[in-house]
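Notes to accompany the following structure.
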Amino acid sequence: MDVTIQHPWFKRTLGPFYPSRLFDQFFGEGLFEYDLLPFLSSTISPYYRQSLFRTVLDSGISEVRSDRDKFVIFLDVKHFSPEDLTVKVQDDFVEIHGKHNERQDDHGYISREFHRRYRLPSNVDQSALSCSLSADGMLTFCGPKIQTGLDATHAERAIPVSREEKPTSAPSS
């Protein structure tokens, strides 16, 4: 007997007013029927709601900040350990890759993989880049900016991921 398992009512949004996005970065969290047919979910079941509020840590969305002194990337990688992550800089791009093999979780077995690529500003000092992973799974990539008259090096190199013992609070805009 096939039984459809519905997502809990408190995790549903207001249909077309706040539609879900199929390509949101939920690493292996699974798809629901409203992800595939968002326009039908509110017409088939008017009481069917998706969550209105998703925090940065729950959504896996990255945040990029670039101010006068530094360039910072925050990325939620809570399902990955530092050994599962590879961060490298090549030319004007930073590439963050995460992959872990199949492992057991509460619902069965799962494997995850992602690849993100960000363009670095031309005035970031690539020789002083750092990357750390907090206890709550927030990856922080940081690079100081140099004065505009100096030239930055653009050779490919790997950036080691260090582990922090304290959790990182969600980045605020």
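Cβ coordinates come from backbone N, Cα and C, glycine included.
Quick caveat, the model's predicted, so the values are computed rather than measured.
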Annotation phosphoserine per Swiss-Prot: which of the candidates Ser66, Ser122 has it?
Ser122
Report the same-chain neighbours of Ser162 (O-linked glycosylation site): residues 6+ apart in sequence with Cβ closer than 8 Å to its Cβ, ordered by sequence.
Pro82, Ser130, Cys131, Ser132, Leu133
Neighbour count (Cβ, 10 Å) for His100 (Zn(2+) 1 binding site):
17
Per DSSP, what is the residue tally for the domain 'sHSP' (52-164) in helix, strand and coil?
10 helix, 61 strand, 42 coil
